[in-house]
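Take a look at the structure set out below.
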């Protein structure tokens, strides 16, 4: 059976990464969190000690930037940077980089090139609408915002991250949704041919099962 190209968009903290990493393992597909590509490039820019406000210097670094993903590990120019991509330094700098059209175009083309051999699941905010509009399967994952905030808060407590209250997380998600859905370049949208999944009252494994079954069904029709 021929494998598929699967595009996934969805709201922040709706479980996209944890769910579709599991789906990818079961199906023996390659999982790509496209947001990590932007984080990896941001790390690369910071590692070169350039002026992060100088767009020309940032754009020039694209010529020497090499990104690879293997077994959930992220490599930049053969350096494993997986554990360096969640630093506050990167999170503070990334918005100055993602707004640059040339960076955006580079990433979209790289992501499109990546899936030419099929057997890929790409997750992001505008994958179904911009990056892979012709994907074999498009999915929009959503969840009630209060439930998203509750899950994130409980996850933080479990990991002993106590810097934000439930209310703060809830307010952050409201702002994040607004930013994602109204950004000028690549806003989060529900495209007409996407399969809408609301996982507010489903477990991770329940969503994984229905997606895997759907993929098997589509593969058998190829």
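Each residue, glycine too, has its Cβ placed from N, Cα and C.
What you are looking at is a predicted structure, and each value in this text was computed from that prediction instead of being measured.
Per Swiss-Prot, these features apply:
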BINDING   10, 11, 12, 13, 14, 15, 16, 17, 18  ATP binding site
State the three-class DSSP label for residue 18 (ATP binding site), counting H, G and I as helix, E and B as strand, and everything else as coil. helix
Excluding 10, 11, 12, 13, 14, 15, 16, 17, 18 themselves, the ATP site's Cβ centre has within 8 Å the residues 19, 141, 143, 148
Fewest neighbouring Cβ atoms within 10 Å: which of the binding-site residues 12, 14? 12
Any idea which of the binding-site residues 10, 16, 18 has the thinnest Cβ neighbourhood at 10 Å? 18
